[in-house]
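Under the heading active site, TrEMBL lists Ser900, Lys943. The ATP binding site annotation in TrEMBL covers Gly473, Pro474, Pro475, Gly476, Val477, Gly478, Lys479, Thr480. What TrEMBL lists as compositional bias 'Polar residues' is 715-724. Positions annotated as domain 'Lon N-terminal' by TrEMBL: 107-318. What TrEMBL lists as domain 'Lon proteolytic' is 810-994. Annotation comment: TrEMBL describes 691-727 as region 'Disordered'.
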Amino acid sequence: MLRAAAAATAVLPSRFAAAPAVVVAEEVRSPLLRVWGALRGGRVSTLGRRARFCSNSSGSGSDSEAAAAAAAEAKAEDAVAAEGEADGKTSSAIVPTSPRPEDYLTVIALPLPHRPLFPGFFMPIYVKDQKLLQTLVENHKRSVPYAGAFLVKDEEGTDPNIVTNSDSEKSIDDLKGNELLKRLHEVGTLAQITSIQGDQIVLLGHRRLRITEMVQEDPLTVKVDHLKEKPYNKDDDVIKATSFEVISTLRDVLKTSSLWKDHVQTYTQHMGDFNYPRLADFGAAISGANKLLCQEVLEELDVYNRLKLTLELVKKEMEISKLQQSIAKAIEEKISGDQRRYLLNEQLKAIKKELGLETDDKTALSAKFRERIEAKKEKCPPHVLQVIEEELTKLQLLEASSSEFNVTRNYLDWLTVLPWGNYSNENFDVHHAQQILDEDHYGLSDVKERILEFIAVGKLRGTSQGKIICLSGPPGVGKTSIGRSIARALDRKFYRFSVGGLADVAEIKGHRRTYVGAMPGKMVQCLKSVGTSNPLVLIDEIDKLGRGHSGDPASALLELLDPEQNVNFLDHYLDVPIDLSKVLFVCTANVIEMIPNPLLDRMEIIAIAGYITDEKMHIARDYLEKNTREACGIKPEQVEVTDAALLSLIENYCREAGVRNLQKQIEKIYRKIALQLVRQGVSNEPAQEVVIEESSDRGSANKVKNENLEDPDTENATLANNTDPALEEASESDVLKKTVDHDVHPAEAPKQAVLTDPALSTDKLCTLEDMEGAKEEAADKTDGKVVIDSSNLGDYVGKPVFQAERIYEQTPVGVVMGLAWTAMGGSTLYIETTKVEEGDGKGALVLTGQLGDVMKESAQIAHTVGRAILLDKDPDNLFFANSKVHLHVPAGSTPKDGPSAGCTMITSMLSLAMGKPVKKDIAMTGEVTLTGRILPIGGVKEKTIAARRSAVKTIIFPAANKRDFDELAPNVKEGLEVHFVDTYNEIFDLAFQGDTETERS
């Protein structure tokens, strides 16, 4: 019965040396077991036998009774052991199975990648080798549930303490035979296979093994020797003391984790009672040491050495446990501190609320929103008030921690902050507006006239309506700054936003409130920013709108810029109509052709063609130069930029239609002048004191305060009153250091002004001789103003960027000057035609000059029309029929396109065909049909300005452009002889004969 019960519960058989009953009784009283019993609590088994003893807490029985009980139980076990074993050895707590574990001398070797397996402990492993797994399953079925578990060695050159992402486990699974055997430690553990589930095998360690030789390669089977501990004296004081320290440390470690206490019970259940070797194994097994240290404990057969190794491991484990506790304590203190602070804050809020000192968040928010809307209640639309009331009621029902609460709060914040019905007072004084516009901009009479018309209508009606104006023109002509001036003239708030590259409709119409981080569109943000419902909104770069996956912003602007629709503009975020009918929209664009037609139809276009040279001169002199001089800290009497220099700067460096580049060049000039003045020792800051230092052998320096450098009399008096008598004896070699103000007129310059030599180091003082030389040099440079004229302009801005557009004083045969429009304004260009070869029937046309498709078609039309006209004028001339003509438009690197060069091309071809040059100082532009009709063109102002710049006297325009020319300013038309033609025959007479009746403008 005893054998059957033991076999049913046993997992691991183990044998111990026999001991008499009296020894067991002595072990019950041993200090080791008393301590271990206190560690475990309750009844604890003794070493070697099945004898039991009570802990100090039980306090029952006597030593003699315990010894007797132990002797009786020992006799019973000896009887069982004698029945089962012929060799006379005693049994352990677990009755051995048949065959016994020590009978297995040949086992399958299982590699353990992470930690060695100690006797009495379970370890799950995964077997990926299907052949090995199948063999283990078959052995388990044949009641051979044992295998050898051996720790895998680290690869050579690797640090076991460093974690890497190497594929070592995979490589171990791939090794077979001798290669795998070399990677295994010799000492391992005989392991019982307790269960197999899929590829997972659970092992239970029994006893130590040592590999002696390999029996089979696949699966790896080895012969082993069973290892036993070396004999030891259990009464040795050193061993006892070491074991006590191990137990004491384990007791402290086990206090931190109940899981490890369970390890003790499981271990004793399978291994029997604790003795010194098992105590060492248990301590090493539960420690967190690395696998090599644990392997050392497994390989150690000397009990004392094993205990010492285990003691080191459990001591380290204790230090780790202390560190864990300190970390946990710090985190717990932080969390508890935060919780305590939170609870105190909540209690404080509750106390204040009870005392009426403070309301909760929802009540405070509702009060704030109601206070905002109360001031606007009379002007606010009813539908908006209704939405606000509904949202306020909803806010009171929501929990402050919910996400919907934040959405509603933000929505109410936007609804109540908008200026519902709040309009700023406008200034309808036309003269005041005219003055402001003239102060900020020169010229632009058509733009100013349109703004004054808007103001006049508002004055007569008593109120103003919103308008949509689009200012189109090249870069740098002042489109954006005009918007600011209009807002200042009307006393309206100004708001600007650019839509260049905008590809998201939500930027205009806002996001839906259902999205995280939703915001209203630009117009709602504008109204919140300016605080009025009738601002001036400048929409910049409207011709550069993008289009992306989020919709078409140009289509979204249709509602915003439509006077009939923006009365009830609906933003997606607010979801309530907003009245934008009082807003004055000013848009800017460089090329209106890039604006979609439906959007362009809603805007009033005001074209700003650019500035002619005279206008640029006025702008540079009255605006740019003045602002730049102030920005650089230079006074007017220090610098003079002549008109010739400005004219040269405009003609040779800044031919653009705008003045932005002109401003950059003027800033460049003044920066260089500022550097030049500073190098000469000039400082426009008021000097605070004059410092006079004596030489080192004369004494310390004296400081003379200059109270008023502007008044020479006061200044001299101050110097006289503050002069030290010792200074009068100073020799001429004394070092002087005084400040000088070059901004004072030479007649009023302080007499005591002395400067330091800029060529010398700033920390060295000049001698009187050096000082006098510097004064003479500075006088040569600063006696008069720094004068910038056309001769030295290149020293400040470099070489000219533009050369003269006019190449020929008198155009040769086959060359005619045309007029072109560019984004930078107007320009002149030459059409050159020459004959390549001549022969019967070789009439052809070759085109070069990077011409576009439209211009190529114009050249073909010109060739056809020119051939017909030549046949009419000179029937005997067969030039076009027998000549290959090459037409070129310089410059070749500039792309060109457009139909307006048709009449110029015909004239160039006819000049070559007839061998006659065209009239001097003549330029022309116009599109030609196959029948010789001249069609209108665009860019009349720009082309006229380009003709004036090239000193052209005679211009030929299509008759349909006469009205455009008449609208030009008188200073643009001055000195020009302009002819308006309907057919090319009129151009022929003007270009080659000059006797046709002309119209002078």
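The backbone N, Cα and C atoms fix where each Cβ goes, and this holds for glycine too.
Structural setting of the listed features?
Taking all protein chains in view, 25 other C-beta atoms sit within 10 angstroms of the C-beta of Ser900 (active site).
Long-range neighbours of Lys943 (active site) (same chain, six or more residues apart, CB within less than 8 Å of its CB): Leu819, Ala820, Trp821, Gly826, Thr925, Ile937, Ile955.
Counted within 10 Å of its Cβ, the other Cβ atoms near Pro475 (ATP binding site) come to 14, all protein chains included.
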Can you tell me the mean pLDDT for the domain 'Lon N-terminal' (107-318)?
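Over the domain 'Lon N-terminal' (107-318), the predicted model scores a mean pLDDT of 79.
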Quick one: pull the CA-CA distance for Pro474 (ATP binding site) versus Ser900 (active site), whole Å only.
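About 20 Å separates the two Cα atoms.
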Compute the C-alpha separation of Pro475 (ATP binding site) from Ser900 (active site), stating it in Å without decimals.
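If we compare the Cα positions of Pro475 (ATP binding site) and Ser900 (active site), the gap is 23 Å.
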Cβ-Cβ under 8 Å from Gly473 (ATP binding site), same chain, 6 or more residues apart: which ones?
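When sequence neighbours closer than 6 are ignored, Gly473 (ATP binding site) has Lys479, Asn590, Ala607, Ile608, Ala609, Gly610, Ala657, Gly658 within Cβ distance under 8 Å.
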For the binding-site residues listed here (Pro474, Gly476, Gly478), tell me which residue's CB has the most neighbouring CB atoms inside 10 Å.
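The largest 10 Å Cβ neighbour count belongs to Gly478.
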Return the residues near Thr480 (ATP binding site), defined as same-chain residues 6+ apart in sequence whose C-beta is under 8 angstroms from its C-beta, sorted by sequence, else 'none'.
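The answer is Arg496, Leu538, Asp540, Thr588.
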How many neighbouring Cβ atoms, not counting its own, are there within 10 Å of the Cβ of Val477 (ATP binding site)?
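Neighbour count, Cβ to Cβ under the 10 Å cut-off: 27.
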Within 8 Å of the Cβ centre of Gly473, Pro474, Pro475, Gly476, Val477, Gly478, Lys479, Thr480, which other residues of the chain have their Cβ, at the recorded ATP site?
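Filtered neighbour residues, in order: Leu471, Thr588, Asn590, Ile608, Ala657, Gly658, Arg660.
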How many neighbouring Cβ atoms, not counting its own, are there within 10 Å of the Cβ of Lys479 (ATP binding site)?
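Around the Cβ of Lys479 (ATP binding site), 26 other Cβ atoms lie within 10 Å.
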